Amino acid sequence: PIPILRRGNFGSVTISQHQAASLLAHAFFCTFPNRNIVSNELPSVNFCRLFSLRSANVVEKLRCLMHYFHMISKKMPTGLLTIRRQNGSAPNWSSVHLPLSELYVSHTGTIENDGHGMLQVDFANEFIGGGVLSSGCVQEEIRFLICPEMIVSMILCERMHHNEAIVICGAEQFSDYDGYGSSFRWRPMKKMHSFPRDRFNRLCCELVAIDALPFSNKHEQFNIDLIDRELLKAYVGFTVNNGTMKPVATGNWGCGVFGGDLHLKSLIQLMASSAQKRCLYYFTFGDRKFAENFNEIYKILVQSGVTVGMFENCHGKPPGHLIA
């Protein structure tokens, strides 16, 4: 039987890229029993819902997936990939006296193209993969479409708890794209990435899925308990497991349709990455004004000698409180 990474349990599954292709072929032909709909714990993985939808971006999604199958039919990849479920608990934040990590903010570039060699953040749904096999077509779904082996995580992983993250190591990118949401379009890759492989023959590409809370009331997110939840989620996601202190490549996690405040979410990620002693590369996806603003806030915080623990004192208050 296919192993399932259960909610609340730390564990991992390593398979070959050939095995991943076999699992994806089963999903394409809708042969997984009882996986046509989302259950209490497992996402839908058969492609039947995708086949039934009628929209322009569904056609583009299918182009991504068919291109993947075309590419592996010409030459089957020979590497491995690992899907790991990890969990953890928060430190006593007020006693974390670490300085803020180095921060690099850019309004140009993307996580997948400019975050090579980094821990790349997937702005995930609690059911990993989100709406990739239905109507969703934003950051997480697009990443899974251009790297279809990531869809295997949907087959293996129950939904995430508040203190869990899912890491995918070694998934290969087969397509490129333009646009976002309804404007999403498949594009062939001009040149296949030539990532090095680790000692386990996995591509050196690591993605962490962390799910932010959705907020219909934007003021609600400044509640102390909810800030703590988001902070724990990022902290667990940024945990160092193999001894290498890779930088984190991220962006406007939990913002957009989730209603997150840009300043709050960026500071939460800065605090979590600093607690894990990781540099943070932040891509604002074209928002030059926020990139400049975040850089300025960071400079003031560093000049003021602010530590991770000092953020504890501004819980539940607007982000500017700490530097006022």
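Including glycine, each Cβ sits where the backbone N, Cα and C put it.
Remember, it's a predicted structure, so these values are computed and weren't measured experimentally.
Marked as active site by TrEMBL: ASP122, GLU140, GLU141. Taken from TrEMBL, the feature substrate binding site applies to ASN125, GLN139, TYR180. The annotation domain 'PARG helical' is assigned in TrEMBL to 1-85. Per TrEMBL, domain 'PARG catalytic Macro' is recorded for 91-291.
Around the Cβ of GLN139 (substrate binding site), a 10 Å sphere holds 22 further Cβ atoms from the protein chains shown. Cβ crowding, taken as the number of other Cβ atoms within 10 Å, peaks at ASP122 among the active-site residues ASP122, GLU140, GLU141. In the shown protein chains, 22 other C-beta atoms lie within 10 A of the C-beta of ASN125 (substrate binding site).
Cα separation, ASN125 (substrate binding site) to GLU140 (active site), rounded: 8 Å.
GLN139 (substrate binding site) sits 7 Å from ASP122 (active site), taking the CA atoms of both as reference points.
Counting only the Cα atoms, the space from GLU141 (active site) to TYR180 (substrate binding site) is about 10 angstrom. Sequence-distant neighbours of TYR180 (substrate binding site) (same chain, 6+ apart, CB under 8 A from its CB) are CYS137, VAL138, ILE142.
Straight-line distance linking the Cα atoms of ASP122 (active site) and GLU140 (active site), rounded to a whole number, equals 6 Å. Pairwise Cα distances among ASN125, GLN139, TYR180, the recorded substrate-binding residues, top out at 17 Å.
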